[in-house]
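Positions annotated as domain 'PPM-type phosphatase' by Swiss-Prot, on the basis of sequence analysis: 23-294. Among the features that Swiss-Prot reports, Mn(2+) 1 binding site is placed at 57, 58, with the record citing similarity to another entry. The Mn(2+) 2 binding site feature in Swiss-Prot is assigned to 57, 237, 285; the stated evidence is similarity to another entry.
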């Protein structure tokens, strides 16, 4: 059996919410893939005027994405730097804390229970694109190739960059740690160079966590939100295979102008991006997006 179904699963699971400062719609669709491996967080007011959103795109199984979805908020809020309002450092430390938890017996046991087997959980991983909104400050921490961008005055303002093995700095780290890049893949296998999980690439005790073949180290980008910022779109890589950011932005603007409905706009976006068939390979992945509109 190949990676694709004979017909796509186009049913969507969506959640919405709003408060005084923003409203959001989060939606996901399995699409052509045999399994659904994405997970996400959409959490208003984890404390007053602090909001948390995240996209986790799993590979090799859904268990690491589900684990991150379950534990990220709690671990972030327990973090001392978070409590001291050092949010950039807190986000980075929480990425590494999730990775550490995955390697502990209790974490491995939870992965196995999610997966339903006892021998392959360490092969799974996930991207992590996490947005923390604190008042008018937006922090986006990213490891992997999920993305976030703002609609800033009608133009996309990227809040993350993809971590790909062919990138010069990524390739240097991979090779220093004893790995190699072949056909744009780490050790000929993984098409991204930073992720949560993927524990088999993180076993060399000679190297720090940020120096391993695959690292959970996120880039953290910070910006001040203003009236120029209309919405933030977050998504797994499947959302960004077909259209560029400007095309996606224009589509969402048009839909919101017509419907004023975030959920309908997000769901219709996924329908537009879904491939008609699997011949080209693009538009065939699981798709998850979170659309956050600022009031």
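Glycine is no exception: its Cβ is also placed from the backbone N, Cα and C atoms.
Annotated features, which come from Swiss-Prot, shown on the structure.
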residue	record	DSSP (3 states)
57	Mn(2+) 1 binding site	strand
237	Mn(2+) 2 binding site	helix
285	Mn(2+) 2 binding site	coil
Cα-to-Cα gap, residue 285 (Mn(2+) 2 binding site) vs residue 57 (Mn(2+) 1 binding site), nearest whole Å: 10
Whole-number Å value for how far residue 237 (Mn(2+) 2 binding site) lies from residue 57 (Mn(2+) 1 binding site) (Cα to Cα): 8
Which listed residue (57, 237, 285) has most other Cβ within 10 Å, given these are binding-site residues: 57
Length of the line joining the Cα atoms of residue 237 (Mn(2+) 2 binding site) and residue 58 (Mn(2+) 1 binding site), in Å: 11
Neighbouring C-beta atoms (10 Å sphere around the C-beta of residue 58 (Mn(2+) 1 binding site)): 27
Residues close to Mn(2+) 2 site centre defined by 57, 237, 285, Cβ within 8 Å: 38, 127, 145, 146, 236, 238, 239, 241, 286, 287
